[in-house]
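Features as listed in TrEMBL:
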TRANSMEM  12-30  transmembrane segment
TRANSMEM  42-65  transmembrane segment
TRANSMEM  85-111  transmembrane segment
TRANSMEM  131-152  transmembrane segment
TRANSMEM  204-225  transmembrane segment
TRANSMEM  270-291  transmembrane segment
TRANSMEM  297-320  transmembrane segment
Amino acid sequence: MQIPFITYFAEYLGFFIAFFANLTLIHLILTRTRQNFGSYKYLMLWFACFSLWYSIIDILTQPAMHSYLNSYIVFCASWFKYDPFLAPIIITSYCTSYGLTLVLLAIHFVYRYIAMIHPNQIQWFKYPRALIWPSIFIVIAIFWWCNVYFLLSSNATFNAYLNETIYENYEERIERLSYIGPLYFIIGDKGDIQIQWKSCLGMINVYCIAITTLVTIMSLGYAVYKKMQSVNDMVAEKTRALQKQLFHALVLQVPPLGRKIKLKIENFQTIVPIIFMYTPTTVLFICPIIGVELGVIANMTSICLALYPALDPLVVMYFIRDYRAFLMKKLRLTRSVSSATRNTSITKHEEDII
């Protein structure tokens, strides 16, 4: 058995869509973003550039995933897979890029929270204080890369544990592949449990960052959502409309309990990170702990992660009205640009709270 064709197909499809979609979004951010976006323009540009990088490292890695008993691995299946020098660097960079995507999402939510609820603190996203965010990003990048490379990389015990299943499912010798992943514990012949502390420590570090970003996204997103439900006469209607566009392009909207949930196109992008980033990896992380073997099905996670950088810019371009109107005009899907795309004058206070 080889790596499922759908995995390769999704990775190539995701790359081509993500590459052109993110380039288009970068162009729109640079040329079609209103002044009242303030510092958020640069945060959007940062995310779009990183999504472009993520799509490139994904296609260079072409990651395949496999879950076996109390372990799972992510291995390089691209044309670099047998390279003893490049393959470990590429697969480690791929896993690091996943973690940094979560960090960037969390930073987005911090910005929206401050802009909406504590606008007097917006200086944290203006030079020179704004340098704290790329600094945090770089520190986490180095920490995540080292954590994966030194604590979750291949070893002799892991090779022996996976050798048979990898050959049966992929016709590959595990010692020839570059992979990362945890082996949580081994159950001996007498039923004794041998905990693999190195892998466990590495995954604890991963869990801490992933859970921190998820809590940040959910808690701050809900706070912004509640704030937007209240009417604020101090803010112009056009400013509120722009805030809603940005929020709809970012936040997971959770309806109050008891309210009927309606699946609309407007809600699609808000659930993209949950469906394509958090959910599949959470399943992949937890199943080996509880002894659920996914086998080749684990490649569904690889598919989801490959599609995320392709879907996200498409939905952003849909929700930001100026971007959507410009693209529709270029594609001749509308006769004229909506009047909402015209530049409007705003007060300094309104610009700061965007």
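Using the three backbone atoms N, Cα and C, a Cβ is placed for every residue, glycine included.
For the transmembrane segment (85-111), the partner stretch with the most Cβ pairs below 8 Å, chosen from 12-30, 42-65, 131-152, 297-320, is 42-65. At the 8 Å Cβ cutoff, the transmembrane segment (297-320) and the transmembrane segment (131-152) share fewer than 3 close pairs (sequence separation 6 or more) and do not count as touching.
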